[in-house]
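Participant: One structure, pasted below without further comment.
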């Protein structure tokens, strides 16, 4: 009877671990498995070792579950806050912020659909949910993560056009932004559907059913297509666009510095992209770059300096110089003569112009470095391994594989921080969500 009970327990554990019973050996003192045996030829440690065979392993698994659970929670909360802020705060409902809204939705899907199953797989260290769910999970992973990355490309494009084209802000309608969002999700869908339609390596079913490992298709052609579409082409576009944005900011700052040296008074910058102060709005960082470049004086759009005479023209509509994203109108850091002093009397106590402009240039570099650096640092390790493993048939440590995957997921945790922390309007909206409507929105000086 006791042996029958032990055999029943043995059958349950073997069913859970999918181990061939006839090849297992057992201790003579009882029905406890000896996990240090080789089960069958060609099997791996995924089958030959128990998930929590020692107290230390159980503690490690519990710690891992807590850390991953907190990461998932932080990702959900951060993106829900961004979505709620845009939907509930009227002044944040703009065409440009729709890109941030869609990005937050993509990252929220990563947190709700992809990361939980990934956490279970990471803690248990084997896939016991079958090939069908594995196929759905990996395809959903590709869809949501690709959409998240491509949204960053769309935001970079929106920001670049706003910087370089004065008319873009007024042409950036909800319809145009909606088309960008539709393109992002369409491309992401085509990248993920390829695996569901059968673009898999020959060992995919065996890897899931026998090795109990669930990874995306390791077919070389698919990996080249997927990694190029999801990362390598997007990261190249992002780097080029942000480099051009930085060059534009730097050129304007130095142009203003040169004008000051010639005439003694620095004119406000009025480049083709000066309208970025009016609209920007792509998640707050566009507005931060605007602040770096410099806001033009309210109601004054052009100033020409000839010797000691300033001739100002007021031929630009006020909305083009106001900050449509609701940012506070901080006084500029350079003087515009008597008119500027009348608007901002504190200008006479400002730092020397050269130091202020150098600070703006460093801030521009820092802001754009944070955007690109966080994205590249999070996703580059994963995509290097993704293309390296199937092409060279390399053996990569499971720990390294897991770290690179979760570092990529961590980008969905960072996005709501990076793309809103530079915007006072988003920060104030978060305060209103947390503290209620008692927190009043600060208004720019009229």
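Glycine residues also receive a Cβ, built from the backbone N, Cα and C atoms like all the rest.
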Participant: Where does the N-linked glycosylation site label fall among 27, 310, going by Swiss-Prot?
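Facilitator: Of 27, 310, Swiss-Prot lists 27 as: N-linked glycosylation site.
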Participant: Test of record reading: of 36, 411, which one does Swiss-Prot tag as N-linked glycosylation site?
Facilitator: 36
Participant: Is it the case that Swiss-Prot assigns residue 165 and residue 399 to the same side of the membrane?
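Facilitator: Swiss-Prot topology: residue 165, residue 399 on opposite sides of the membrane.
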Participant: Which residue, chosen from 42, 314, is annotated N-linked glycosylation site in Swiss-Prot?
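Facilitator: Of 42, 314, Swiss-Prot lists 42 as: N-linked glycosylation site.
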Participant: Could you give the residue numbers and ranges of same-chain residues that sit at least 6 residues beyond the transmembrane segment (177-199) on either side and whose C-beta is under 8 angstroms from one of its C-beta atoms?
Facilitator: 95-96, 98-99, 102, 135, 138-140, 142-144, 146-147, 150-151, 153-154, 157-158, 216-217, 219, 221-222, 225-226, 229-230
Participant: Among all the protein chains here, how many other CB atoms are within 10 A of the CB of residue 134 (disulfide bond)?
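Facilitator: I get 23 for this one.
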